[in-house]
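Heads up: the structure comes next, in structure tokens.
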Amino acid sequence: MLEARDVVCIRDEHVLFSALSFTASSGEMVQIAGANGVGKTSLLRMLSGLATPESGDVCWQGQRINRIREHFNQQLLWLGHQPGIKSVLTGEENLRFFYPQQHQDAHWQALAAVGLAGYEDVPVARLSAGQQRRVALARLWLTDVPLWILDEPLTALDVAGVEMLTQRMEHHIAHGGIIILTTHQPLRPFAQSIRCIQLTPSEGTP
């Protein structure tokens, strides 16, 4: 279980959100929603341990993540708004960078799963924005960690890509995983099961 306890975020002397508390448990998907600038990405970065709240705690299995950093990182897959891949490398080389212990066949299978069969040896710089996003998302087919935190994972995907990713997320949740994400696109297949945390603009200052 991932838990936010009275988390406060301040940016440029402006309170984005305060006293924010919620949990995300096994088999659950949580969408962080709200208008641009309310702190959605900032919150995801705090939940991932990439940023520190002004006050409050983020806990994994009841322990503060700053006290179990190495263990927590081994349980987490973070995908940011940008693809986070190296443009000079091929798709397969990027996956090898993240998962050097896995065989090349596994890398190729992951790329095939995201619709990139035949593009394994093409430098990422020569791929479209949607294809680059698919290279990044191929990591979801290679990991067995329970916690996925995804910032706008549907960005640049076509209809087929959205369907592909949706099925993978459904599989992860069905097998006890946790997904926390932001997206501006509808998540119709999860309409009955997704939980929404709505961030609203704050008028406060520290």
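Going from the start of the chain as shown, residues are counted 1 onward.
Note that Cβ sites are derived from N, Cα and C of the backbone, with glycine treated the same way.
Here the structure is a predicted model, which means the values were calculated and not measured.
Pulled from Swiss-Prot:
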DOMAIN    2-206  domain 'ABC transporter'
BINDING   GLY34, ALA35, ASN36, GLY37, VAL38, GLY39, LYS40, THR41  ATP binding site
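Here the binding-site residues are ALA35, VAL38; the one with the fewest Cβ atoms within 10 Å of its Cβ is ALA35. Long-range neighbours of GLY37 (ATP binding site) (same chain, six or more residues apart, CB within less than 8 Å of its CB): PRO201.
Over the domain 'ABC transporter' (2-206), the average per-residue pLDDT in this prediction is 93. For LYS40 (ATP binding site), other Cβ atoms within 10 Å of its Cβ number 25. Surrounding the centroid of the Cβ atoms of GLY34, ALA35, ASN36, GLY37, VAL38, GLY39, LYS40, THR41, where the record places ATP, the chain contributes additional residues within 8 Å, namely LEU16, SER42, LEU199. Taking every protein chain shown into account, GLY34, GLY39 are the binding-site residues, and of these the Cβ with the most other Cβ atoms within 10 Å belongs to GLY39. Residues within less than 8 Å, Cβ to Cβ, of THR41 (ATP binding site) and separated from it by at least 6 positions along the same chain comprise GLY80, HIS81, ASP151, THR182.
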